[in-house]
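Pasting a structure here, questions to come.
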């Protein structure tokens, strides 16, 4: 009997310590507990939409409900619902306000005259408590228009055409608690217009044309809690105590105006203010003492303004602040100790801000911070003690991996291997094709070298993705600022530009020899070598120039994890944006147009010149072959560059482009030419096919030599002319001497000569 209480006490004590140990789990910096489990998960696995804990603890409490804006939004939604016609649908009570105008509804002491085509305030019984006059044609509020409605508690005048409000329009409304004047045309409110509204708690005047206000505008509003002046035309706030006659004001909303600055006297009397919303204005100056007297402020929203400099002590008196939003401002620098006084801060929004001096010290004093929002997910590594950090990805990379998509992680190796192997194979095999046109072969080898660099670039990106696998957020920012990333980005641009210029050079060389066969514009060795060297020099200058002037180009190649500057707008440098446009919409677009025009002209020239000297049937067959080859050359160029041209045009037009596009372009679109050029310019040509046929025939000959020793050896010529179709050439053109100078051949052999440069 005595052992029962003893074991009961042991059970209770054990339970207590078990729960305590589970709830007080100590996790290393950057990790957080899984609820009441002893397991810890890193920051990147919390609030990512996946149940990594197994009990969904890592996905609990991920919503940012700091401040009381969410609760007020719900209340706001309820008010609109209550003020609408739906609130009068279930008429269970009789009307107690006497006769009402046509098209109006009545229930108890509530009157709904929404969309009743009214042009003036209706006259009903004085005991009405709620009057909704929304979406009518009321233009003015005359003196004493509501004087007899002493019991009126809620007045809704939204979506009328009110442009004039008499100073005594609201006289006598001593019981009014909520007044809605939104979506009208009010330009000015005279001082004392709200003088009798001593019980008013909510005043909503959003979406009007108010251009100025003064403290006297709100005289008499001793009970006002909420003041909303969103989307008006205010350009400045009075340099006087705005809350002088609103001592109980808690919520003040100036969103969507044109306010340029905040001075130190404006909020001096707003001692009870808990929420201040100043987003989407044109604020470019903040007085250091602008918020000194807002010691009860819980939420401050300064987002989407034009603030460039934050005074060092601007937030020092906001001891109670739990939510701060300074996102989407062109802030040049954030001081390391900028947030030191905000110990109670729970939510911090820094979206759209490039923080060049970011470091962990900046956020370490924010011990209660649970939500933080950055421009780049790479910044999350500098706030490891914050459970919810957004964004989780930039579309290219994620908190875990340099390449966010498994498809990209696989195909970066596949495309890299195809590009490198194809071009190296051509470089090695090209000397064995004994073509008389060595200058053309030299250009093709140079093209393969440039294309091979693209494969090297993709290989390195894949290697670093493998190196950072599972913990990329720890290395993201250092990686994008590293020499490796800068060099790889330069290598990609070098490959791209040299390849484009070489393709243009090869195309123009063909064009001149086909369209102008009797001109003295034949390619010479010295000229060809000079052009090739010049192209590579231009490529090096274009690719490495951004590394030589960091002030002008900023972090040109370090705007994303793949180090490719497709969206140069992210650098924040006008010079970088112009440079990127010159490359992609200047050099590359002009080159693409030249290639398309040249191949079209060549095909037309061959068609016009050959029809009179060859049989029609053979000519049609030959032109089909030429058309197919020209089509694939132009098609691959278009497939590679048209998407990039479109993206650059859209970015110039400030169209929002998903960040994930960059990685798909870099892995699947940009290398198209690099991967297919070896096939188009070498592997599908007649000389290469003949060489392979010869090697295969010789191999079979060696296999059968023991059985057929007396058989005459097959001895095909080693002089291969790069052309198509070979069998259609006359015997005279099969002699090596006939090809010593392709530009001197007759007009009849133009199509064959064209093939000799393929």
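Cβ atoms here come from the backbone N, Cα and C positions, even for glycine.
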Can residue 123 and residue 600 be said to be on one side of the membrane, going by the domain names in Swiss-Prot?
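No, opposite sides.
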Which stretch does Swiss-Prot mark as transmembrane segment, out of 466-486, 487-507, 550-570, 676-696?
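Checking Swiss-Prot against the ranges 466-486, 487-507, 550-570, 676-696, the transmembrane segment one is 487-507.
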Given 368-388, 389-409, 410-430, which one carries Swiss-Prot's transmembrane segment label?
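From Swiss-Prot, the annotated transmembrane segment range turns out to be 410-430.
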Mark yes when the transmembrane segment (578-598) and the transmembrane segment (487-507) have three or more Cβ pairs under 8 Å (sequence separation 6 or more) and no when they do not.
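As far as Cβ distances go (cut-off 8 Å, pairs 6 or more apart), the transmembrane segment (487-507) and the transmembrane segment (578-598) touch.
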With the transmembrane segment (410-430) as the reference, which stretch in 444-464, 578-598, 630-650, 652-672 has the largest tally of C-beta pairs below 8 Å?
444-464
Do you know the DSSP helix, strand and coil residue counts for the repeat 'LRR 5' (223-244)?
0 helix, 3 strand, 19 coil
Which residues, given as numbers and ranges, are at least 6 beyond the ends of the transmembrane segment (652-672) yet have a Cβ under 8 Å from it?
394-397, 403-405, 408, 411-412, 415, 419, 454-455, 458, 461, 492, 496, 560-562, 564, 566-567, 581, 585, 636, 639-640, 643-644
Kindly report the helix/strand/coil residue split of the repeat 'LRR 2' (151-172) according to DSSP, in that order.
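Residue counts for the repeat 'LRR 2' (151-172) by secondary structure: 0 helix, 5 strand, 17 coil.
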Across the repeat 'LRR 6' (248-269), what are the DSSP residue counts per state (helix, strand, coil)?
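Going through the repeat 'LRR 6' (248-269) residue by residue, I get 0 helix, 5 strand, 17 coil.
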Taking every residue in the topological domain 'Extracellular' (1-409), what is their average pLDDT?
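Mean pLDDT for the topological domain 'Extracellular' (1-409): 84.
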Under 8 Å between C-beta atoms and at least six residues away from its ends: which parts of the chain pack against the topological domain 'Extracellular' (465-486)?
43-44, 358, 376-382, 397-403, 409, 412, 547, 555, 557-561, 563
